[in-house]
Every structure is written in structure tokens, then in C-alpha cells.
Amino acid sequence: MLPRQRVLRMPSPRHSVLFSTASRRTSICSVRASIRQGQHIAPRLQGFSKDSFPPSLSPFSTHAALGKQQKGSGFFDAIEPLTEEEKKANQENKDKEAAEEKEQKDVEKAKSSSSDAKSKEGGQGTSESPENKGSAAGSAASGSSGEGSGGDGGKRGRKPGDKALAKPVVPEIYPQVMAIPIAKRPLFPGFYKAITIKDPNVAAAITEMIKRGQPYVGAFLFKDENADDDVIRSADEVHDVGVFAQITSAFPMNGQGGEGTSLTAILYPHRRIRLSELIPPGGADAASKATPTEPVPEPIPKATDESTQKGDVVASFEESAVVPPPKLDFTPKPYEPTSFLKKYPVSLVNVENLTEEPYDPKSQVIRAVTNEIVNVFKEVASMNSLFRDQISTFSMSQSTGNVMSEPAKLADFAAAVSAGEPNELQEVLSSLNVEDRMHKALLVLKKEHVNAQLQSKITKDVENKITKRQREYWLTEQMKGIKRELGLESDGKDKLVEKFKEKADKLAMPEAVRKVFDDELNKLAHLEPAASEFNVTRNYLDWLTQIPWGLRSAENFGIQNAMTVLDEDHYGLKDVKDRILEFIAVGKLRGTVEGKILCFVGPPGVGKTSIGKSIARALNRQYYRFSVGGLADVAEIKGHRRTYVGALPGRVIQALKKCKTENPLILIDEIDKIGRGYQGDPSSALLELLDPEQNSSFLDHYLDVPVDLSRVLFVCTANMTDTIPRPLLDRMEVIRLSGYVADEKMAIAERYLAPQAQELAGLKGVDVELTKDAIEELIKSYCREAGVRNLKKQIEKVYRKSALKIVQELGEDVLPESEALTDEGKAAKEESEKEEKKASEEPASANTEASEKETTEVPRVALKVPENVHVTIDKDNLKDYVGPPVFTSDRLYDVTPPGVTMGLAWTQLGGAAMYVEAILQSALKPASRPSLEITGNLKTVMKESSAIAYSFTKSWMANNFPKNDFFDQAKIHVHVPEGAVQKDGPSAGITMATSLLSLALEKPIDPTVAMTGELTLTGKVLRIGGLREKTVAARRAGCKTVVFPKDNESDWLELPENIKEGIEGKPVSWYSEVFELIFPDLDREKANQSRAAAIESNKEKKEKEEDGKSGDESD
């Protein structure tokens, strides 16, 4: 008996790096197990032991070595010597086997292609002739022939009674197999593939096949890529060329070993086959009822306890372990290997083996294509690491020189590892001509090469985008490291801490602020730079050290200097200038000044905002302005909490940071237009800011430390005080700026507006004269508003028209476009023309770059106007520049009829002359009833004033002129012109009463008299506001007398003389005084007559006169 040799123990495919079961019939392992030719891959499986195999695989795994065996061709040629016990066991079994030789031969005929699936612990086997072939389970290695063959499997001891193992062979002819359809890509001989079986019947059939030792199937590719089934219903569903494959391993998907569940099977294709006939499921029902006396292999006895405990999962085919069946009394029927499959609804097919057509190994074409395939493999491997691993594995499985000598295998390998189209791969599988197969495989591999190149290009593009940034980062880090090593630079965080310390040492921080600073600095030193809190703390310390703690600008307390600066920038405004001079005088006496809160109130265009900048220049203080018009967020004043992303301090703290002094001048503009929203009330937040008693410790939400604002000079501006909250208004010192009168506007236009407008129009140094008469006409007929903003616009318009006239008269030849452009301008123009041409050719092209290329700082040279050019704008030709006059007369009425009186009103734009008109709607008759109608867009207060005036005049007439029954019978209509403007206020009381009395007495009023005052029912004249603006409006309207309440006499005395010039003020306390001033020469007897009786008497007189005339004519 030949000595037994140890067979290499195979690892489970589940643990092999060469297997992949991730998807159904799509994953392929490119390991070429050249088993049939006797090559080995056993070196890759060294170090595996039986403990590496999970016991759950044993019912579904079959492992055996197969392939032609050449002596010394394996990787393991050394034979392990048998132990004494094994030699003794062989000698004892020799006699028994000789006696049973005849019976065993009968059994071997019936079981030539299968054996029992139970595994033994040692994986023992006997040597066989070189012609014999074995099956590869997973990555099994075959033993060599003769005594020189052997495996280097496990070295466990064997029991003396163990039987020798016989290796099974893969049948060369297997006419009928179970067919399994494959999706997506076909299988190629020599390359593993994992498939998933979902059909429980197919899974059960595979399980029984493995148990019976007949794990052979046929694998055919679906023609439909989307097909997914485990049974072939029709031969047209699949390609007729497939592979004959062996199931090397199978295990359930759900982890349970019961039949009828889905499982994953590892297929190893051996050869190409062609489908000749399909036996679909259910087509062999009669055959499934075969007699039960059909000889079938007896079940293999269970393994010993020791084998079971050790959990060997390798199912070897042990010929000697089969118990010989008893002799039968009848002649057995021919054995059919697949007869047991007929009871399952699976696909059975009759197949025939396909062999390659003969070819000339020395053919130049084959050699050239082979070399090209190898070259493409090298190129793809250099770009794809997966290909590199697969090619390395394939090369290790081949002997030296076999790649070039076996072009058919190389073509199969190229197709197996390529991700080509299913039809292209199937053509490679169907090609029996080696040269044709290699061309098709090369085509598939070339496509894979193109994909690899594209993938490599994409990868390089992405890497190039990030390489520059990474390179800069590494270089920066290296530079930092070098500087740290040389002591030139400390760590970024340490340097930041040192910088904050240096900045804080230069500041005179209060003790409380210094303590907070030290705590935050210590916190920063212990934080990691990558922490989110690090940036928050750093920003906080940055703000804390940028506030000018203890830093103040050197103020200028020179009175003469302040007067010079203020007069240079503004004309008039005596009240404002006196207040600033007082502020400076106090500072000069004390050596220091405290901050004040001033509020300039006046109409638009009178210089409220600009005066703030002049004050800062006069005091040598830094200037900061921000507007609160429409502001509805408290955080703009008090700052945001540090917990918010992007939090910032309030505008006041930002002003200190920008000005870098503790005593700047902060101008808060449009304080009367501050808003209120869901984010708080900013006007209430200003109470702390603008309170001299509280702003010495102003607390910002962001800084959360007290900041001293007592040295800041706050200047606020407003058009009116009505919308300012009373508590806030009480904290400010209000200085009212009235509108300008004509002589003030004239001075402002000559000194400031005209020179500025001339320079802006490009006429500086040009003889363009705007005469004084023209300016007076502008003020009188075009610009009657309180401020000078509209006057400035009209003067600018005059100079612009003059510039156009000069350029038109000079012509284009004086400065052609070619000479007007500078070198930079010419370059910009050329670039612009290029961009326009490109845009016309390519309309879809972007024009964003043109703005950068077409701009320059000095594109043109200025036109120099000759000295002989003279332009004069006077009163006569002014309308050619600004159009016809807007106001054609000084007053609405040059001669006022009875019932019309001029009143004075205050508006946001200053004062205005307001007329009150009263008429009699119908003739007075004894039977008529009195009524009063009021129009003119009057609001509630003014309507009440008209009702009071109507009642008072009726009472006045009843007391002073009892016989005059005008108001008992008159239907009166009172109207205030400019109905589109809303009017309200009590100051029109004496004006309405005077208008009604003028209508009742039929006495017109002097058109140069204007009046204002609130009237009570008893005739008392009460105080009003805005006397300065009203006086300015009266002078602008050409009035000579102004009647005002006596309580406003102090306001009248404070008015500048230039405003009161030419106007006589008449203070009154009761309406009787007004009556005496308005109607000095009234005929009281005539006024005390009944208007209705007088009308009747006049009517009778007229009738008598007419009758007398008619009688004379008849005579």
C-alpha cells in the first residue's frame, strides 16, 4: 500500500482574501487556481489552522485538491515522515483492503464522481497518478504524484484506525447538470465567483448536491441585464455558451443551517460548455417517481467525537470511509448522477463540452496580441491599485513563462477582471478561436484602460486643486517651526497673549476693567486655538484693548479760534455759536470740561448737521456721526450679547474705538425719527447714554464693563421736538435754529454756496459771474423755504447751465477726444473696445472682468477755458438757466377783501404765512338760518379753534354791536388755502375771529398785518410757539406788523435784529387789543346797524330811484 501523505488543509472561502460575496453574481475573484494544470497557490494559505474555520460552514463546504500533479511542481515538495502508529495502521489495513478489493471496485464504479461530505480531522489522502484530476475547494493545492507528493496541512496526530483518503476527480463528461442563470457578467474558467441563491428550491437542491458529493452546475449568462431569477424558464433567456462550475463552498445567508433558505455559493468554473437541451422545472415529473431501489451512495458515517469537537469544516471525499453495501439479489439500473434533482423545480440542462480550436503558439499575431495585453495590464496596474493586486495574484498562480505560453488563459483573465459590457464579455467566453478571443479580450481591456486614464485624470485634477493649499500650509507650518526653534517667533497663542498684555499696559484701565481683562486673558491662555470659545475670547480682548482708556485729545480752548472756525463754516446761528463759546470759556476756567448733551432743533437745510463738525474742529475733538432715523434695534445702542454669533458692541463703543479718544464729539442725527420695534425701544436705551448723571458708567451688553462717557460731547439734531419722548427731551439742552431770512440767505449764497457750486461745475478760475440781483431773485421767486438746501440746488443748476453753454460755444475742436484722454485712459478705452467686440461675437460671455480692465484713476485731462470767455447771470437772463419763477408775488393777496386775514403758522420746514378766508354763502334775509362750514384739511384742534372763534365773534357782536344781527341770519363758509396740507394747532384762533368780524363788519384788513395767537371763549390771547419761524415767514411775505400774544414778548426780544428789521411787533393780552389794532377807524354807528334792515332800506332806495328815473323819462 502506498504511504499516506498529509493533505493541505484549506481555509474557508469566507475567510479567504480571494473571495467576495457582496452582491449576487456580480463580484468575481480574479484568483486563477490552475488546479487542472497542477499549479499551486498554497503558499498564500500558510498559517491557517482548523481553528480558522467557523463550524457553521461544515454542512455546506466541500474542499478537495485537484489538478494534474507533477513531481516537484508544487510549492510544498517536502514529505512529512509518517509516525510509527500510522505505519502500523497502514500494515493492518493492507490485508483487509486486499480482501475487500472486489467489492470496493463495484462501489467505485458507482461513485467515481462523488464521495461522502463528512470531513476528517487530518485531511489525509493517497497519492494518485499524474492523469488523475481533483477539484479545488476555495484555494486548495493538489499533492504531487508518487512518494514525492504531499501537503503541508495541519500536523495533528491521527488515530491508528483512520482510513486513508482518496481524492475525487472532476468528471470530464457530465452530460446533464443543474443550470444556474447568471446576471450582469459571465463566468470564465479558472476564476471564482460568488453568487446568491434566493430560490429556496434551488438552495435545497444545491445543499443536497453538496451532501451527495456532486457539487457541479452549469452557469449561463442572462441575455436580459435586468433579469433576476434562479431558474431558467426558456433556453432563449440565456446565452447557449456557459461554464461547467464546481460549488466549492456554500453557506446560508440568514445564519441558519436549515434547508429551504437563501444561500451564498462560491463557484469555480472548470471548462466551457454549450447548452444543447433545457429540461425546465416540472418537465421531469415522471422521472421524479423513479423506483426507490435505485442504487445510491450510502451515507458516510458521522465523524468521531474528536473530529466533531475540533470543528473541521473541510468536507473530503473519503473512499475508504464508505461502508460497502450488501450484495443485491437483482440487477441494478444504470446510475444517473442528477436523478435526485428531478424532485426539485430547478433547471436541468443537457450540455456538451467545448474545446478550443488548435492554434500555433508561435504565431506572430498571437504573440503580438499577447504582448499588447501584457502592456495594457501594466499601464492599467500603474493607475489602478485593484488591478495591480489582481495581476499580482494571477502572476503568483502561474509558473514562470506560463503567461506567454498560455494565451487563452491570459485572454480569459483579461475579460474576467475588466468591467466591460455583458455582451462583449459573453463574446469572449463564446470564442473558441484563441486569436479571435484574444482580440476581443484586448478590446475589452483597452476600454478598461481608457476608464483608468479618465479616473487618473480626475484624481490628478482634484489633487492639483488642493496641492497648492496644502503646500502653502506645510511651508507655513515649517516656517513657524523654524522661527520657534531659532527663537524668532513664539507660538501663535503665546504671541497673542503677549500682544494683549502690551496693549493693556499702555492703557489706563480702571481697576474693575483690568480685573476682567486679566481673567479673560488667563482664560485665553488655557484655551486651544481650535476651540470655538478661543475666537470669542480673542475678539472680546481685542475690543477691550482698543477702547481708549484714559486717552484724551488736547482740546483748544481759544475763544478767538473758535469764533474764527465757526464763522468760516456758518453764517448767523448766533445762539449756537454763543453756546459753544460758553462751553469753551468754562473749560478754560476749570482746565477741563465735562461732556454735554446739546440738541439742535430746526427746519431742514439750516445747517444742524454741519455745525456739529464745525464745533468738533473748533474744539480740536475727534468727530463721529451716526443716524438713528428709523432705528428699531436696541443692540445698535447697547450692543449685542457675546453669546450671539457675530456679536458687536454698540455704536457708541465703536465711536470710541474709531476716534481713539475718550472725549470725542458724537453727533446723533435725526433723533426725532427714532423707531420702535420688537427688538426693543432705542429711545429708552438713549436715556442712559444721554444722561450726564448716568453715562459716567455706561454699560454695553458686549463689553459688560462700565465705560465712562461723561467727557463725550453729544450733539443731537431734530426737525421737531413733538416726536421726541419727554424723558429724553428733558435730558438734552435744546437750541432752536430758525430759518434764514433773505439777507442771511444772500450772505450764505455769496460766501459759501456760489464758490462751491462754481468749483463743482469745473468753472474754478473762469469768469462766470452770478450777480447779486440774480441771487435776490432766486431767493424771492424760487427759494422761499426756511433753509438754504434748495437755494444751493438752484445755484448749482445755474453753474451747470453755464458750463454747458461754454463748452457748446468753444466747440469740440478745442479739446478733441484723442487729446483729452491720458495714457491710462487710452489703455482703458482700448480694453473696453476689445471687451465690447468680444461681447458682440460671444453674447453669452461674461462682462464682469470688463469693469476692472476699463477703469483708471485719471482717465482724462481737464479742459482749460480761455481767459476771453465771460458769462454773466443777472436778473434778466436768470429764467434762461432756472426756468420761470415759482412765486410771482410776495403775498397771496395784494389787497385783501373783507373776510380775509393773514395768519402765521409753524411747520417742519420753518414758518409760513397762512390765510384764513370767510365768505357769506347767501344773502341775508329775516327768515334765513345761520350756519358755519369749515374746509381746508383742518385737524381736530384747528376745527375746535374755528368753533371757538365763531362763538366768540357772535358774543363780541352781541356785546359791542347789539343791533347788528349778521350772525343770526348769515350762512358762513370758512376756508384755509392749500387744502392738500394738513393743518393743526390752536394759534389760528385770533386770525379766524378777525376774519369773521371783518366779514360781519364789511371792513377789509391791512394786507401787511399778520397775526398769531390762541383765543379763548372769553377773548384771552394765549401763548404760542415758533415765534421766530413765524416772524421770518412774515418778513418773507412782506409784512410790516406782527400781532402776537404778550406772553411771547420775551421770545420777540430775543430775536436777532436782522429778523425784526422792518417789522413792528404788537403784543396783545386780550382780543379787544387786537380789535383796536385791526379796526382803528371803524364807524361804530354804522357797524351797530342791522345788516338785514340796511339791505332792505338800500333795496327800497334803489327801487324809488328807478321809479323816479322812469317817471322823468315818461315826462
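Yeah, the Cβs are placed from backbone N, Cα and C, and that goes for glycine too.
As recorded in TrEMBL, the features of this protein are as follows:
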type     : residues                                                       : note
ACT_SITE : SER987                                                         : active site
ACT_SITE : LYS1030                                                        : active site
BINDING  : GLY602, PRO603, PRO604, GLY605, VAL606, GLY607, LYS608, THR609 : ATP binding site
DOMAIN   : 177-449                                                        : domain 'Lon N-terminal'
REGION   : 86-163                                                         : region 'Disordered'
REGION   : 280-308                                                        : region 'Disordered'
REGION   : 817-861                                                        : region 'Disordered'
REGION   : 1088-1115                                                      : region 'Disordered'
Item to check | THR609 (ATP binding site) to SER987 (active site) - Cα separation in whole Å | outcome: 30
Checklist entry - For SER987 (active site) and GLY607 (ATP binding site), what Cα-Cα distance in Å is obtained after rounding to a whole number? => result 27
Checklist entry - Can you list, in sequence order, the residues of the same chain other than GLY602, PRO603, PRO604, GLY605, VAL606, GLY607, LYS608, THR609 whose CB lies within 8 Å of the CB centroid of the ATP site? => result PHE600, THR717, ASN719, LEU737, ALA786, GLY787, ARG789
Checklist entry - Can you give the mean pLDDT for the domain 'Lon N-terminal' (177-449), rounded to a whole number? => result 72
Item to check | binding-site residues compared (GLY602, PRO603, GLY605) - the one with the fewest other Cβ atoms within 10 Å | outcome: GLY605
Next on the checklist: Just to verify: the residue among LYS608, LYS1030 with the fewest other Cβ atoms within 10 Å, which of the recorded positions is it?
Outcome noted: LYS608
Checklist outcome for this item: Cβ proximity for GLY607 (ATP binding site), under 8 A, sequence spacing 6+, ordered by residue number, returns HIS570, LEU573, LEU737, GLY787, VAL788
Next on the checklist: Cα-Cα, whole number of Å: PRO603 (ATP binding site) versus LYS1030 (active site)?
Outcome noted: 12
Next on the checklist: Going by a 10 angstroms cut-off between Cβ atoms, which of the recorded positions THR609, SER987 has the sparsest surroundings?
Outcome noted: THR609
Item to check | Between LYS1030 (active site) and PRO604 (ATP binding site), the C-alpha gap once rounded to whole angstrom | outcome: 16
Next on the checklist: Fewest other C-beta atoms within 10 angstroms of its own C-beta: which of the binding-site residues PRO604, VAL606 fits that?
Outcome noted: PRO604
